[in-house]
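Notes follow once the structure below has been shown.
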Amino acid sequence: MSGSSRVGFCLSDKKRRRINLQAFADFCAGRGVEVVEIDLTQPMGPQGPFDVIVHKLSDVIVEAEHDSQSQQLLANFQSFVSDNPSTVLLDPLPAMTRLLDRFASYRIMSKLHNSLRDWRVCSPSYLEIQSADDLTSVQQAVTTLSFPLICKTRVAHGSLSHEMCLIFSGGGLADIRAPCVLQSFVNHGAVLHKVFVVGEKHFCVERPSLKNFPPGPCDRNTIFFNSHHVSKPESNSALTALDEQTPLLPPPSSEAVAALVKELRLQLGMALFGVDVIINTHTHTLTVIDINIFPGYEGVPQFFSALLSHIQSVLGKQPAVSPDEKLTSGASSAAAKDQ
Ligand SMILES: Nc1ncnc2c1ncn2[C@@H]1O[C@H](COP(=O)(O)OP(=O)(O)OP(=O)(O)O)[C@@H](O)[C@H]1O
Ligand SMILES: [Mg+2]
């Protein structure tokens, strides 16, 4: 491929500001890549052609569940993608849609235990709660989990999805709102490791996280919290301050993280995602608690160069570095075209 490539970005205003798309466009300008902002409310044909489209349509996908205008926007986008099979989509819509549903994403996470057996990677035990009308059956079902429990909404996108609670006993289950996921809380010394993936590369950043709680049921009231007050770089919450002196935990093994990223890239067929990982204080097991679509890459100064190099790689301008990477980069662009 010769000449300048056109890369369309289809993002919400908030996301565009957060990643500083204008600065990325300036960064790419002298490097043979033209960055174009796609306006989803306008016909896409005249805005193209695009060699690659980078998007985060989470808002639109979630709203399309109940809003006809969003359904129309999504349908226009999808028909442009299927009419232009040579345009590479980062990332495929079905893969992204799956991660917007915590029932689906925790099913993926729960299988890592098997596929990454050698690395002792796991995810916390959990239950899908479709309805909480029958409290007694929920109380019976949670006997497979260990208190405290963390409760997360089924929908994984939007401001409500970050409203969570910690439940300390069977009685506290009256506080949950279905549909939701109930998950065993894993003590991890209040450190979250965010792994940010950009194609073949990944970057690890430490963040504050929820403090340890005594294992087992107790008669404490439910704690309601917003996850964004807990695990953002600037978070400063009483919930992240450890009550006791805890020995520092070893950071996750870089080989295990690399194996996890490789496995998820294959499983998801995605290039731009994040994985939240904690280290179990008791067993030191690498525990996966969340997978995020096109995250903020906060604290990753190499994000622009990594994204540009991934775009160049899917355009075939850059040879993949190793046969392994060739395999996965090929897999992700093949999946990207598989719409
Ligand atoms: N099973 C668990 N055991 C211990 N702590 C947990 C567990 N699940 C979540 N947490 C804590 O709660 C926080 C929010 O959880 P999670 O990452 O699932 O939420 P989120 O709102 O989807 O996050 P994001 O901002 O990454 O989208 C984590 O950063 C971590 O501090
Ligand atoms: Mg998270």
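Placed from the backbone N, Cα and C atoms, the Cβ positions cover glycine too.
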Region 'Disordered' range according to TrEMBL, out of 67-87, 235-255, 319-339: 319-339
Site-mate of Lys56, His162, Asn292, Gly296 for 1D-myo-inositol 1,3,4-trisphosphate in TrEMBL, selected among Lys15, Lys194, Lys201: Lys15
Those binding-site residues in Lys15, Lys56, Arg102, His162, Gly189, Gly296 whose CB falls under 6 A of ligand 1, listed in sequence order: His162
Contacting binding-site residues for ligand 2, chosen from Lys15, His162, Asp276, Asp290 when the Cβ sits under 6 angstroms of any of its atoms: Asp276, Asp290
Residue with minimal Cβ packing [other Cβ atoms within 10 Å] among the binding-site residues Lys56, His193: His193
Rounded Cα-Cα span from Arg102 (ATP binding site) to Asn292 (1D-myo-inositol 1,3,4-trisphosphate binding site), Å: 11
